[in-house]
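**Student:** So that we are looking at the same thing, I have put the structure below in structure tokens.
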Amino acid sequence: MLGFLKKPVVVTAEINMNFMALTVMGLISRLWGLSYPRAVVFDEVYYGQFVSLYMKRIFFVDDSGPPFGHMLLALGGYLGGFDGNFLWNRIGAEYSMNVPVWSLRLLPALAGALCVPLAYQILVELQFSHCAALGAALLILLENSLITQSRFMLLESILIFFILLAVLSYLKFYNLQRHSSFSGSWWFWLLLTGVACSCAVGVKYMGLFTYMLLLAIAGLHFWHMIGDQNLSNVSLMWHFLARGLALIIIPVAMYLSFFYVHLALLYRSGPHDQIMTSAFQASLEGGLARITQGQPLEVAYGSQITLRNVLGKPMQCWLHSHTNTYPIRYENGRGSSHQQQVTCYPFKDVNNWWIVKDPGMQQLVVSNPPRPVRHGDIVQLVHGITTRYLNTHDVAAPLSPHSQEVSCYIDYNISMPAQNLWRVEIVNRESDTDVWKTILSEVRFVHVNTSAVLKASGFLSGASLPEWGYRQLEVVGEKLSKGYHQSMVWNVEEHRYGKSQEQKEREVELHSPTQMDISKNLSFMAKFTELQWKILTLKNEDTEHKYSSSALDWITMDTNIAYWLHPTSGAQIHLLGNVVTWASANIAAVVYMCLSLWYLIRRRRKVYDIPEGAWKLWVSAGGICVGGWAVNYLPFFLMEKTLFLYHYLPALTFQILLIPIVLQHLGDHLCRSLLLKSMFSASIVAWFSSVYFVYCTFSPVTYGEPSLSVTELKDLRWKDSWNILIRKQ
């Protein structure tokens, strides 16, 4: 029974020394001197702010993309014990001692280092030689731009890592498909493909391009499977469901989980709250939650409320009035009603308070029990301080002459009667009997007499009222026939039940804070939907940057970016690529496309220049490498945003993988004689030596040391368009 103990337990393992050596070299090239410079480098000034907010659990919105990449950077800070206390306000600022620079830069550097063995393994899985795979990995290893980008607290190296991991995982899954479907390793690589794709999209939306490419390739492969008569319908269905689970359902679930963790971590109010709805703000600790905590949930007749415009762009604002009236005549000669001004005011103020009044009763207090206002009810809105009624009529608005003026009615004893009845329409109602709720309900006020809708028009025009309107935003009555817009929607932000019928007592009441406890927590899906919409639609004004460039500049590297300059010496760091590698990548792409076109034409004429297996290998490699380059590069021609050279790095990575593929193809199929093969091999050695020479030449501006003299810096300016920083003597 215990006979198995008579022999020792032996474990054997195969170790790919190429893979291990490349991994070690990648780690050395990316991790060496990682804490240098101990100063803010280029976009670290941008991402560092978010890391600090994560450390302090303060909510923020970044319109550049999803939160997963930011969370990874914050993880580095957390592991290093960062407390978030650093002012990220200037590139080149020295880091204080509490900032764990090495930890903050660690994860991007590790991701960049692992891209080297990933490149090797991808070419192996594409069925190319180990020599070609080794060449691809060394090109990634010696690419100056990839080294620079991976050594700082930036996201591109993390994005490229997950992109390459997704490609490798799918290739391994596909290769296992032929002989071990539904095995453990088959499931592992399929699931890892979906996970890596989700992580790539979660780092930056640029990852979506590669995800869509892999979905298209997977769809094409499944289409070929449908034609395989050896597979039963049941088997095909299981294959389809497995791919749907791994490549669609799991990535979507993971993408949601990134936001779940993001929102769970950032539970405190912060500087970005104002662009979110009142309901979202009230779900955060502090800020609006502190103000609105304990408000009555249901708006009733007699309620005292503030009305915030839901749009909230470019700034939040509340329905407001004050004692000043519209001028009798505007600067352009048009006349007004000379009624009390109604505006949208971007600050909290006592003049933002309004009282919801029942038109059939005179009282301005809440009855006992309260009578809630429902969808479709007719109300009057009474300005709390001046007690004048919200009104609109057929008079042109001051800045929007095609819309109606909104005012608080003053009886001048002339033939202009009050028109102050408004119908409450709850936009996000679940039924037509819904009660108007504090914070949660988004409402539209439709004027009974004219059917105009109360609208904050200043958001759209971008213009504010003149001096007589204190530069506040215009509010108008807009016909619904002109279209629906979020600036027509309002929600109750602050709310109390009015108790004082006398005006002086009511003014004291309006100045006092609300009290009463009630929860306004949103569900995760409601918060996710709102935050996702803000990320997709909230765009900062793009300004011209000194180092911005066009997508056309990237192919020939006609631009660079100065990342850091030493305050006293000539030491500096630039985002500059290896010129030989970039040129070779472009040539490889052109050669691939020309050869592919030539082969297609010849095959159409029934002339087969290369074996069928070599042709399939050529096409599949192009689908990955040329396709990856195209989907990660061409979309930038359609984007209206400030572009930088680092946006090209994912596309460049795929283009670099194409170089050894083309070289092996040329050597195997076009160099037929021994002499040609020898000459071709010698030229590859010479070419690779030039790659290494350029890497060494530009390594001082890749790593930031050693410091170079003025003459040496001038010698590095190989193109007139490069901006190498030279101090004035």
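The backbone N, Cα and C atoms fix where each Cβ goes, glycine too.
Got these off TrEMBL a minute ago, pasting:
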DOMAIN    296-359  domain 'MIR'
DOMAIN    370-427  domain 'MIR'
TRANSMEM  9-32  transmembrane segment
TRANSMEM  68-88  transmembrane segment
TRANSMEM  100-120  transmembrane segment
TRANSMEM  154-174  transmembrane segment
TRANSMEM  186-203  transmembrane segment
TRANSMEM  208-226  transmembrane segment
TRANSMEM  246-267  transmembrane segment
TRANSMEM  579-601  transmembrane segment
TRANSMEM  613-631  transmembrane segment
TRANSMEM  643-663  transmembrane segment
TRANSMEM  675-695  transmembrane segment
**Student:** Suppose I define contact as three or more CB-CB distances under 8 A, residues 6 or more apart in sequence; do the transmembrane segment (154-174) and the transmembrane segment (68-88) meet it?
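**Tutor:** Answer yes: the transmembrane segment (154-174) meets the transmembrane segment (68-88) with 3 or more Cβ pairs below 8 Å.
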**Student:** Count the Cβ pairs between the transmembrane segment (208-226) and the transmembrane segment (246-267) that lie under 8 angstroms and are 6 or more residues apart in sequence, then report whether there are at least 3.
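**Tutor:** Judged by the Cβ rule, the two regions touch, with the required three close pairs present.
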**Student:** Flag the pair the transmembrane segment (579-601) / the transmembrane segment (675-695) as in contact if three or more Cβ pairs fall under 8 Å (sequence separation 6 or more).
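**Tutor:** The answer is yes, given that the two segments have at least 3 Cβ pairs within the 8 Å cut-off.
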**Student:** Can we call the transmembrane segment (68-88) and the transmembrane segment (246-267) in contact, meaning three or more C-beta pairs below 8 angstroms at a sequence separation of 6+?
**Tutor:** yes
**Student:** Please report, as numbers and ranges, the same-chain residues at least 6 past the borders of the transmembrane segment (100-120) whose CB is under 8 Å from any CB of it.
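**Tutor:** Distant contacts of the transmembrane segment (100-120): 18-19, 22-23, 25-27, 29-31, 34-35, 38, 48, 51, 72-73, 75-77, 79-82, 133-134, 136-137, 139-141, 146-147, 149-155, 157-158, 160-162, 164-165, 168, 653, 656-657.
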**Student:** For the domain 'MIR' (296-359), what is the mean per-residue pLDDT, to the nearest integer?
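**Tutor:** Per the prediction, mean pLDDT sits at 88 for the domain 'MIR' (296-359).
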**Student:** Who are the chain neighbours of the transmembrane segment (613-631) in space, where the CB to CB distance is under 8 Å and they lie at least 6 residues beyond its ends?
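**Tutor:** For the transmembrane segment (613-631), the far contacts come to 122, 126-128, 163, 167, 171, 209-210, 212-213, 217, 589, 592-593, 595-596, 599, 603, 650-655, 657-658, 661, 665, 668-669.
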**Student:** Could you put numbers on the helix, strand and coil content of the domain 'MIR' (370-427), residue by residue per DSSP?
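**Tutor:** Residue counts in helix, strand and coil order: 0 helix, 26 strand, 32 coil.
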**Student:** Count the residues of the domain 'MIR' (296-359) that DSSP assigns to helix (H, G, I), to strand (E, B) and to coil, and report the three numbers in that order.
**Tutor:** 3 helix, 30 strand, 31 coil
